Every structure is written in structure tokens, then in C-alpha cells.
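Asks: I have a structure I would like to understand better, so I am pasting it below and will then ask my questions one at a time.
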Amino acid sequence: MAWLGSFYIFYLTLFSRVKFIPHDLPLNKQVMRPIVLIQLIFAGFMCTTSIFYFMDHMGYEYFNKVSFLPFRVNEQTYFIAKCQRMSLLAHAALVTGIIVQIKQFPIIKHKLNLNLDFFLIWLCVICYLLGGAASRISSISQFSYGLINISITCSALVFVRGIVQRKRGYIIFGGGLFVFNFLASTLTGYKESIILNVIIISFLLYPYYKKIILTLALPTIYILLYILPTFASIVRSQSWSGQKTAEEARKEAFNTLLTNNAPVIDETNWGFLTNRLSEISMFTKFVKHIPAERDYYGLEIFKNSILAIIPRFLWPNKFITETVSMQRVYEARVANRGSTVSAKTRPVVDGYVSAGLIGVFISIFLYGWLTQWLCNKAEEWFGGYELGCIVMFNAIFQNLWRGNNFEFLFNNIFYGYIAMYAIFWVLKRSNTITELDVYKDTADNSSV
């Protein structure tokens, strides 16, 4: 029932008559706002993917019964159910926090003085160059991710606007850059980078090609979940170890998929679906560990998260954030200390280990509240939904889509806000963005 409860929340907040969304745009033209995009990704991963782990627990692999023993409810079953209920609580807390901050008519205090399409092309190129430069300087390298994400999002948006407006130049520019980045993401060995590109282009196309996107959604998800775990595993194992170049490893991965090596693909994918896509296995281990073997962390994780924000040049002896955040993972025996696996916790887990059920609700409520506040601020500064929400908010704060452990999350939010303000300051000083004479609730008029 807890698993189905999340689908009921999706229905209430997105499709029912009592849904609470901004009234400046139809729902299908504001799908990049937190109540839609972040809820679907964050709660989708947290609450709905657990079905694969539960099927595995009952002795199934995909839809085939592989265990010859009849299923019996055991201790692990109760822990799974408990974690699923807490995930449902977190889902409810997330949307509550978002709704508290939603404004029915977003306040827009500034306007863009340039043609949006021209500005997006300019912003795409500048941010790509700045992001590449920042990635080479260790002290500011964390800003490179947001800048590169802005460039990617701009290229995708230019591509979509080019299709809608039937402007060949925009299609070639935006589509070319987006395809280039997509191909580059296949060399990283990370599944997430490929999935994120698919999500961006799908959500941008949805307002204009709703039926096509919905028709292709399930087949696309199936294909990605079927091929990506094996594809990424081969690229990682061969290119990261230095056995082959990334290009050679990618070619080998494609060959494996094309030769239809089904047993290998099925085995790799089921392990991914049960233990990576769904992280309820990790959650159950923490619930077993705390408070039975160790008391709740209280404010310890929160304090470390605040300290992690301090730049290393101001605190040369600052702890390594990865090392500190992994300590609770080792203590709960989620991963071995000698393992190279980085099994970072998610916000719902950090909320639980900090203060139990209360910690889950408070932390995820604040997560949703802050997420929507940042989106509001981006739209207020950058003239509305397209430039503010789609480009600035979703590119700079992309880590909020799925979340991370508190130590990294606090850092991402703090420096992301600084980056967003710095861009706003530069654009305002250059009169690219100007302040409106009268502040009023207004709809975004920059839609295609």
C-alpha cells in the first residue's frame, strides 16, 4: 500500500482537481518546475523503483520465479515495508515543502532586453568556454559543472525552439551541440549522464509534442534500463583501468549489445535494477543498524555539511568530504572499507539516521521548500520560466533532481546559489537584464 501511495500523491499533485500549481502557464508548459520534474525524478527513484528489489526478495528475476522455495514473510520483509513507508512519508514531505513555496502567479522582477534565441546561443557558447576553463582550476572547478550544464540546457532549448519555429539555423546549432555532448556522455562510463540528456530533451519537447513523447516514453525507458547498465559497466571497466581508450571501450560496449549477449545483459541489468536503481537495500541496512546498534546522529551530519562549505584555501586541513560522508556507510556495513565503491546515502537516509521519522519529514520538507524557493528566485531574477526555471535553476541545481548526501548537497546548493547570483549580477550590470518599473504578478511571455 505504501508503494501505491506514491502514485496517489502523483495523481493528487499533478492531475486531480485539487492540484496546486502556478496559474501563469498550463501544466504541460511548466513541466520543468519542481512540482513536476523534481517530484517525478526524486520521488520516482526513491519510492517506485523499490518494486524491483521486492520482486528479487520474493524470489523473482524479472517476472520469472527463480527460487524453488515458497516465499515466506521474514524479518527483511518487515524492514522493506518500513523503509517503503518512510519513503512515502518523504514523498509527502517533499511535495508539501514545494507547495508551501509555490506562488500561483510567480513574481517576475526583471526582463531580458535581448532576443531570447540570440541570448541562448550567446549564453551557450560563453558558459561552455567558462566551464571548460573552470574545470582546469582546482579551486573553482566545482563551478564548472553548473556552467557546462547551462551550456547543455541552452543548446537543447535552442534546438527545440528551432524545431517549433522551423528555423534551420537553430536546429543545426542546438542539435549539433546537444548531439556532441550526448556522444561525449557515452564516453564517461556513467549511466546518469546519458539519462540526464534524455530527460532534458524529452521534457523540453513535451509541451509541443505531448502525444509523441508519451508514446515513446515507456519504450525509451525500457531500452535505457536494458542497455545502459551493461554499456556503462564495459566502458568503466576498460577505460577507467587504462586497458583501452574511452572510444575503444565504447565501441566494445556497442559490439556487446549488438551481438545480443542476452544472458550477460540480463544478469547485469537485474543487479542494477535491484541494488543501484533502487536504493532501498541500502536503506534497510541503515534501519537495521540505527538505533539498534548505534544511536541517531542528531546534528552531527548537519554540522559536517556546514563545515564542508568552507573553501580549502581558507581551511587547508579541512577534512575530505567523501571520507567523512562514507563513515556512516562503513559503520552500517553497507560497503567494506577496502572497497572502491562509493555508496553515498540519499537525503531520505540521512534524514532517518539523523533523527528517525521526524528527521525524514523535516529534512525532506525543507528540501522541497528550498528547491521551490530557488526556482522562484531564478524566475524572479531572469525574467520568467524559460530562462529562469528551465536554464538557470535546472542547470545549476541539477543535483536536486535526485539528491545526494547532506555533505555534498549543502555544498552544491551554497555554491550553486553564488554562481546563479554572479550570472545575474553580470547580466544586470551589462543591462542585458533590467529591473521592471513595477513589480507585479505576471505570466512569462517568452514562451514560443
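Positions of Cβ are set from backbone N, Cα and C atoms, glycine also.
Here the structure is a predicted model, which means the values were calculated and not measured.
Just lifted these from TrEMBL, have a look:
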- 36-55: transmembrane segment (TRANSMEM)
- 88-108: transmembrane segment (TRANSMEM)
- 114-131: transmembrane segment (TRANSMEM)
- 143-164: transmembrane segment (TRANSMEM)
- 170-187: transmembrane segment (TRANSMEM)
- 194-209: transmembrane segment (TRANSMEM)
- 215-235: transmembrane segment (TRANSMEM)
- 352-370: transmembrane segment (TRANSMEM)
- 382-401: transmembrane segment (TRANSMEM)
- 408-427: transmembrane segment (TRANSMEM)
Asks: Do any residues of this chain, six or more beyond the ends of the transmembrane segment (408-427), have a C-beta under 8 angstroms from a C-beta of it, and if so which?
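Replies: Beyond its ends, the transmembrane segment (408-427) has Cβ neighbours at 142-143, 146-147, 305-306, 308-309, 321, 325, 344, 347, 370, 374, 377-378, 381-382, 392-393, 396-397, 399-400, 433.
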Asks: Quick check: do the transmembrane segment (114-131) and the transmembrane segment (143-164) share at least 3 Cβ pairs under 8 Å, counting only pairs 6+ apart in sequence?
Replies: yes
Asks: Report, as numbers and ranges, which residues of the same chain sit near the transmembrane segment (382-401): CB under 8 Å and 6 or more residues beyond its ends.
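Replies: Those are 24-25, 29-30, 32-34, 37-38, 41-42, 106, 108, 110-112, 116, 119-120, 123, 145-146, 149-150, 152-154, 157, 196, 199-200, 204, 367, 371, 374-375, 408-409, 412-413, 416, 419-420, 423-424, 427, 433, 442-447, in sequence order.
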Asks: Restricting to the same chain and to residues at least six past its boundaries, which positions have a Cβ under 8 Å from a Cβ of the transmembrane segment (215-235)?
Replies: 186-191, 194-195, 198, 202, 246, 249-250, 252-254, 256-257, 264-265, 268-269, 271-273, 276-277
Asks: Would you mind listing the long-range same-chain contacts of the transmembrane segment (194-209), meaning Cβ under 8 Å and 6+ residues beyond its ends?
Replies: 28-29, 31-32, 37, 41, 152-153, 156-157, 159-160, 163-164, 178, 181-182, 185-186, 217, 220, 224, 228, 232, 390, 394, 398, 401, 448
Asks: Going through 36-55, 88-108, 170-187, 352-370 one by one, which has the most CB pairs that fall under 8 Å from the transmembrane segment (143-164)?
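Replies: Top-ranked stretch among 36-55, 88-108, 170-187, 352-370: 170-187.
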Asks: Short question: which residues 6 or more past the ends of the transmembrane segment (170-187) have a Cβ under 8 Å from it?
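Replies: For the transmembrane segment (170-187), the list is 117, 121, 124, 151-152, 154-163, 193-194, 196-197, 201, 231, 235, 239, 246-247, 249-250.
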Asks: Taking a Cβ cut-off under 8 Å, which residues six or more beyond the ends of the transmembrane segment (352-370) line up next to it in the same chain?
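Replies: Distant contacts of the transmembrane segment (352-370): 34, 86, 89-90, 93-98, 100-101, 283, 286-287, 290-291, 296-302, 328, 345, 400, 403, 406, 413.
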